[in-house]
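Contents: one structure, followed by commentary.
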Amino acid sequence: MSLDTVKHASDTPDVEQPWAELGLKRDEYDRIREILGRRPTGAELAMYSVMWSEHCSYKSSKVHLKQFGEKAPASDAMLVGIGENAGVVDVGQGYAVTFKVESHNHPSYIEPYQGAATGIGGIVRDILAMGARPVAVMDPLRFGAADHPDTRRVLPGVVAGIGGYGNCLGLPNIGGEVVFDPCYQGNPLVNALCVGVMRHEDIHLAKASGTGNKVILYGARTGGDGIGGVSVLASETFDETGPAKRPAVQVGDPFQEKLLIECTLEVFKEDLVVGIQDLGGAGLSCATSELASAGSGGMRVELDTVPLRDSTLSPEEILMSESQERMCAIVEPGKVDRFLEICEKWDVIATVIGEVTDGDRLEIYWHGEQIVDVPPRTVAHEGPVYNRPYARPEWQDALQADDANALPRPKDGDELREQVLRLVGSPNQASKAWITDQYDRYVLGNTVLAQPEDSGMIRIDEETGLGVAVATDGNGRYAKLDPYTGAQLALAESYRNVAATGAKPLAVTDCLNFGSPEDPGAMWQFAEACRGLADACRTLGTPVTGGNVSLYNQTGDTAIHPTPVVGVLGVIDDVARRTPMAFAEEGQLVYLLGDTREELGGSAWSQVIHDHLGGMPPKVDLERERLLAEILISASRDGMIDAAHDLSDGGLVQALTESCLKGGKGARLVVPDGLDPFVFLFSESAGRAIVSVPRSEELRFTDMCGARGLPAARIGVVDGDAIEVQGQFSVSLAELREAHEATIPALLA
Amino acid sequence: MARVVVDVMLKPEILDPQGQAVQRALPRLGYEGISDVRQGKRFELEVEGPVDDDALARIHQLAETFLANTVIEDFTVRVEEREEVTPA
């Protein structure tokens, strides 16, 4: 095949081009022709098609995501906001923290191990590109039914992939979630979050400025893996026959990534880079166009200088390749030699592939012939934007009317006891230790808290004890019942989880996993979730710093539950002051903070006991969440509480079981006056937590709650080796432990 | 008994970190002139009974579903010829 140069394209306007096969729509193709004033070359078409895919351009979601910026609360803590590789937050003492969550859903279904592994690799490079040293990862995961045969294929592969890549990199995995629901059958959600730390002055941005500066590609060689992965893998729905299209997935090499991290941090330290971008989805197409678009001028790239693993690759393939472990840096000419020297020291291949020009075009040459000549902004930042039609699904009313509060309840203490054991032993509520034990939690030596604690916490300064806490939460069942409230509940829970450990919530990252944007019902769910999350972020004063949208999570006509996963980052002045979740001291008093209402819609109880999903999710009261957080943080700082655990799915009984099993101590409880024992144990009202208070601090603690107007009910005492609810039932810790810890290994080991 | 050999290799476009590690080690050990190394797996199956089309079809199926991960790997199936050893 002869080379499709710019000149050739101008001379042959009528050549048929495979725009449809590349995922472009007719009007999108026409717009490309309009922008260029001619037909695109093959290479240009490849670039536009990947960059204008849903995954890269956010064309369906953009109009809704705007709210995160427009409604963003003023925050002194934000150093870099939405739009860069990741947001950056000031955590004090001159430190900045960057964090972001991304999805790697479709690749992880096709090839669980490599899909999940490269998900970690990708998010780590995003964090690295901001100038930060990656210090921890977390993984919110969702799979089909726990006993489904395909879950046995997907889950172990995903867990091994996360563990394999993360452990090799030497990054602790400090938390996340594992949720099972038949709606994720065929569309598992593999989200990955990374946290990085730097000094304020170390922040780097993805822009190519300064005419004459060199463009350096460094890291792994470019191969034929994941070609078109972005447009094909991430933006097309699987049909019912399963993954018939099996494009080459990417295989990662964590040891190469480790070298890339150390090499990149060293070039940062010597101040050798002007701008930097990681290569992820859409590979070089994305990196060159985004760098040029954000910079001052144009860029010229000699594509034939790119080091290849396979010499037969065409220029289009090189532009689209998603080979892992690559970065692109903009370097002043005088610093190139030193840059290359450092790369050589780390055994990292580095090549000058082009330079920044004073024009305003991105020009790419192949053996001297021009194959791309485009305005970079039209590729990277001015892609199509769709106002997709959305409409509240017809079934929504019926679903909300199917009230879970009306389901048959346990009649007596014996039935309560039996249902408690079933609940804490159900796959979603059971201990996930079998999974998290496959990850290295303590490497680097700064992990203060990890799963199953409310949030992961890491120390970032060994002298002062400054640390950050991160939690991720999302409840697709709540969001299905009411996406607006469901998204707010995800934020509220994550926020509460961070506060429960004693850290002050500062900022938010989100991974929005939804069905097809071409379905008005799924689009409505997405729009409502964005609106809910943006409103709640404004009220709580925690801006969204960045994140990721994953659409088309559906098989045939069946979409997943709308699943907004929300990560919250908080700061704690001294990690020695943290609050763990374990009830470890006999005689301490157990207080329930917040109001318990009859709220069972979408609850774990309704799922486990009745296989039911209907009614309304719990109410959200963000002012209450803020107050609860303030109390938890003050109590932690002043040493008034020894343990705290947030109440969410599974309600009080779940939280109590976890706190008691972790501390190895039982608890004797009394149902507060006026509360039904069943509602007390199983309701999932938001804005609640349990704490254990030393007797010496009781007065101080209750005075503080009283003065601030937070309901605090003394519900019992830490004691013995059973959980006993007076007048109802008693269950030994041994029996609880068996129920809670045996489930996952029995299903998956 | 006949022996059937299944060779499993990563697809050519897939990154092979192990092969690369071997290749990088070669010059350090003084072996020059090797431009690329790809590493794979070899399975030797001892088959009971005749290796006819049926048997090969079954082996092909087991290789496709179990021995190889066809998302990222290719495989070949072949019958290994063995010299008849006549007892003295």
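Including glycine, each Cβ sits where the backbone N, Cα and C put it.
In TrEMBL, annotation is done automatically, which means it is predicted and not curated.
Listed features, source TrEMBL:
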{"type": "ACT_SITE", "residues": "A:H55", "note": "active site"}
{"type": "ACT_SITE", "residues": "A:H104", "note": "active site, proton acceptor"}
{"type": "BINDING", "residues": "A:Y58, A:K100, A:D510, A:G547", "note": "ATP binding site"}
{"type": "BINDING", "residues": "A:E102, A:N548", "note": "Mg(2+) 1 binding site"}
{"type": "BINDING", "residues": "A:S103, A:H104, A:N105, A:H106, A:R125, A:Q250, A:E322, A:S323, A:Q324, A:S550", "note": "substrate binding site"}
{"type": "BINDING", "residues": "A:D126, A:D278", "note": "Mg(2+) 2 binding site"}
{"type": "DOMAIN", "residues": "A:20-59", "note": "domain 'Phosphoribosylformylglycinamidine synthase linker'"}
{"type": "DOMAIN", "residues": "A:83-198", "note": "domain 'PurM-like N-terminal'"}
{"type": "DOMAIN", "residues": "A:211-366", "note": "domain 'PurM-like C-terminal'"}
{"type": "DOMAIN", "residues": "A:453-572", "note": "domain 'PurM-like N-terminal'"}
{"type": "DOMAIN", "residues": "A:585-722", "note": "domain 'PurM-like C-terminal'"}
Cβ contacts under 8 Å made by the domain 'Phosphoribosylformylglycinamidine synthase linker' (A:20-59) with residues that lie 6+ beyond its boundaries: 4-6, 8-10, 12-14, 65, 228, 230-232, 234-236, 281-283, 285-286, 289, 315-316, 319-320, 364, 366, 371-375, 378-380, 383-386, 517, 549, 551-552
Number of Cβ atoms other than its own within 10 Å, given for A:D278 (Mg(2+) 2 binding site): 25
Candidates A:83-198, A:211-366, A:585-722; stretch with most C-beta pairs under 8 Å toward the domain 'PurM-like N-terminal' (A:453-572): A:83-198
Neighbouring C-beta atoms (10 Å sphere around the C-beta of A:E102 (Mg(2+) 1 binding site)): 25
Chain B neighbours, filtered from binding-site residues A:Y58, A:K100, A:D278, A:E322, A:D510, A:G547, Cβ-Cβ distance under 8 Å: none
Sorted by sequence, non-A:Y58, A:K100, A:D510, A:G547 residues with Cβ within 8 Å of centre, ATP: A:L65, A:I82, A:V101, A:E102, A:T509, A:C511, A:L512, A:V544, A:G546, A:N548, A:V549
From A:R125, A:D126, A:Q324, A:D510, A:G547, A:N548: binding-site residues whose CA lies within 10 A of the residue listed as 'active site': A:N548
Span of A:Y58, A:K100, A:D510, A:G547 around ATP - largest C-alpha separation, Å: 17
Sequence-distant neighbours of A:K100 (ATP binding site) in its chain (C-beta under 8 A, six or more apart): A:N85, A:A86, A:G87, A:I123, A:D126, A:I127, A:L193, A:C194, A:T509, A:T545, A:G546, A:G547, A:N548
Residue pair A:S103 (substrate binding site), A:D278 (Mg(2+) 2 binding site) - Cα distance, angstrom, rounded: 16
